[in-house]
């Protein structure tokens, strides 16, 4: 690292040494300790020290203490990979991937090979392909090969057509994205212009920055983009410069006093040469503005994120951006980490002959030496993010195409297989065994003797071909089509608007859920925060008492001068003579409200709504916005904020009452659970100084009580008050502060900047400096309680799901008391149910005692904290889960995302039951992806959980309809559909068996060629598929009797019992249809027999579908009547197989009627008797 900060003696030698290496992509070598051999260094007196606006308190090594070694960050591993040098606005030395978006799965050349390979990797398809190919062999030929190829081609073509349509859609979207046009600064385009120097000389110079338009696919690494509001970023970029389109705030906010401490004051931005800037650029430079981006298409988070240009490039004229070089880490998929540097080289050919080199004021040659500064994630914007702020942002492309974060983070879509698929697969194996057994039995009955000059093994193979219809070839494609129909039903349901089906392969699993794991915040609650209570040590304020808080704030900030923490309470409003107790309480209230108004990452934004300026707040957390809105309600409004300044206004006087200079910000992270800020207060005279302490500099911090307890000074009320608020269901936040002397701040600043320049272990080093210099004995100011209201209809929804036999677990990161309160208020815990709490368990003996207690009381609710859960999962994994799954409800609090996913995996593996996980935040993604069915809620925290889930909903109460109605219907319909498709193959095989027995075991086909094709497609397929519209109860009864859902857990709709029942029905009907036809016609073969038996077979199948329907739908009627008419119309074209003269006789009609009656009436009567003696549950509730 030291070598990185040292200037090398020969700059030209350094450049030639770097350029002489012919590196491609990112193969430039690193020296020891992560030093880049070809990277430029910079002298100590020219350093631009990095000031991180998005600091993380805990890095990967600290996180690994809690979450394991897998929590290591990408940034540290990226240091070990070769970085890349990007020359801004110039042609790069290395070649990089084109900036092309390609989400297509196939090319025109690979489509057929790959799709056919995928299709014939299924057993069904390869089996029927072999059956079709067997017709090439003369000894095995029993019909036309086309009659076997056609059904297979039909099934395969449907799958290929679906793949083709999906891929064409992907290609169309890719083409639109790749053709999008962007503005790029072209430094290689020349434009001559004349300027007048200070001495009046007219000089001609070349301006090398001309705006051109490029399509997204033509963009390259090093191009400088000009991005405007609401424009998508086409590649990964580093922000160089940001200028505002709206200078409305310039009249409101004045520049801070020059006496204020400025982190970069000693260096300042590099001075631009006068001849290189235009008036427009100067105006833009003066109106520099923060850049906000939306990342919802990248990580699902909907909040605006602040991005900052480097201090080295922000004030550069556009022409001088080409002097920059960015050194970026190798491409990786971490969207939250980036390590790099930016270097400003000397002007190319810059020389002013009028400036005397010996002159003491040689500012004209200022900046000849190069300067460098570090880059972090705050200086970047990744592809597919959108510029949200009203700014013009200039950014250089550093990664393109397949090397962008979005492309690297894209993983193949998950392939989930539903429980019904496994059950059908097992039944199919039985059918395969049945086919082989039946073939062997028929040959064995002949004594394994040659039949019609065919050897016995040839006869077995022919029988296997004849009985191939037992294997339901069309079952998979029919189920896939049915799943698509279910998805349409779900997405078009007006009662659950906004629902999206992202995984269409598992809708039936929605009807088989036995365990529901739910997040709390944003899932059971609205994630709409409102500050309800505030405690300042001696007094607590809530509800109507907030008026008193507003009164104290009005008295504290109603003067005409600026207020600081050291300003005595009441002096500005003449209340200095008030009673001491009142002044002390007023001072406490003022201090905590001031801390809340300053210690946050909220930024006010101004938008035009119907021509009216409206101020909105943007922040990464709803809690922070709730607190800022609260301070505004009590009288202290956040009027303006940028990266250097915060201005507060009094809502009473509409005047500025507080102005501070931001020295450092330490944002909130899920690891640190706190955020802090160092500010310096300004007064009317510039700064407030005391002879002893100098400028008034304060460090404010707020965070969870679990981390703040050890940071604030000793007190006797914090634990009690946080527990009280938690019992009320409030989310608590502890606020503290510490005043820093000028010397203390300077010592911290030096150490902190040194740590921030480290390329390795940066986060760890910065956290150590903060802990050592700031986070010690903070003055405890107060505790806030924020309410997160329950979502609409959460209580009845949970009660309905519990009655449906679903065991509900709530996994949250909140405190034990808050989790208990929400569990009770949401009716997660039944009325009067005992809640057994297991908290702060650290030894095995205590954990064993808790498990022993739970084994003897399985009717209670378990409430366990994260520390105890970690011990249980680590030491008593099997024992804990075997007990926990028996409990009606479990609440786990203080859970990490890793623990949530581990619990979901453990339940699924231990019970082999269907587990559903639901959440709304990024911390729920791992849990959602670990579940059999993952459901995401589009919430305040973004769309990350929604995008990662199998199903996306907008409200928790929509889950009940998704499971109890759509899930139940999907399972029942698919089970019935699968039964009928298998029945369709079994019955025709039974007919073939009767024919083979009657023909003395001669292996010949009964229904051959196009009769078989017609039976499997046009004559039976539509009526059977119309069963996807069937329903046994209406939605009202399904919600009124959730016990109907509980029955599905046993899987009786498609069990071995129901399967063998259908086998018996198929054998009976097939034997009757073929056997009775042979008896009535007194023949075993011939066109008359075929016409009677085949017609009876088709009519029987149509009537079986009609008998199975419980609720008629117009589509069902159309399919049944339409198929019957279609068959009648096709009979005249079946002269090759039927005796058409006999078909039009009464003799043919009564024989068909008789055969159908004997085949269908016993089955129908048996079903009626069963309904009367043992009616199913749905018949009972329907009455």
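Every residue gets a Cβ built from N, Cα and C, even glycine.
Keep in mind that TrEMBL annotations are predicted by a computer and have not been checked by a curator.
Note that the structure is predicted; figures quoted are calculated from it, not measured.
In TrEMBL this protein carries:
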- 1-14: compositional bias 'Basic and acidic residues' (COMPBIAS)
- 32-43: compositional bias 'Basic and acidic residues' (COMPBIAS)
- 93-142: domain 'P-type ATPase N-terminal' (DOMAIN)
- 122-142: transmembrane segment (TRANSMEM)
- 148-165: transmembrane segment (TRANSMEM)
- 249-265: compositional bias 'Polar residues' (COMPBIAS)
- 424-444: transmembrane segment (TRANSMEM)
- 456-475: transmembrane segment (TRANSMEM)
- 519: active site, 4-aspartylphosphate intermediate (ACT_SITE)
- 1006-1029: transmembrane segment (TRANSMEM)
- 1059-1081: transmembrane segment (TRANSMEM)
- 1102-1128: transmembrane segment (TRANSMEM)
- 1148-1169: transmembrane segment (TRANSMEM)
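Two recorded stretches are said to be in contact when at least 3 C-beta pairs lie under 8 angstroms, sequence spacing 6 or more; the transmembrane segment (1006-1029) and the transmembrane segment (1148-1169) fall short of this definition. Counting residue by residue with DSSP, the domain 'P-type ATPase N-terminal' (93-142) contains 26 helix, 0 strand, 24 coil. In the shown protein chains, 29 other C-beta atoms lie within 10 A of the C-beta of residue 519 (active site, 4-aspartylphosphate intermediate). Counting C-beta pairs under 8 angstroms (sequence separation of 6 or more), the transmembrane segment (148-165) reaches the transmembrane segment (456-475) with 3 or more such pairs. Note on the transmembrane segment (424-444): residues 123-124, 456, 459-460, 463-464, 467-468, 470-472, 475, 479, 978, 982, 985-986, 989, 993, 996-997, 1001, 1003, 1054, 1056, 1059, 1063 of its chain, located 6 or more positions outside it, place their CB under 8 angstroms from a CB of the stretch.
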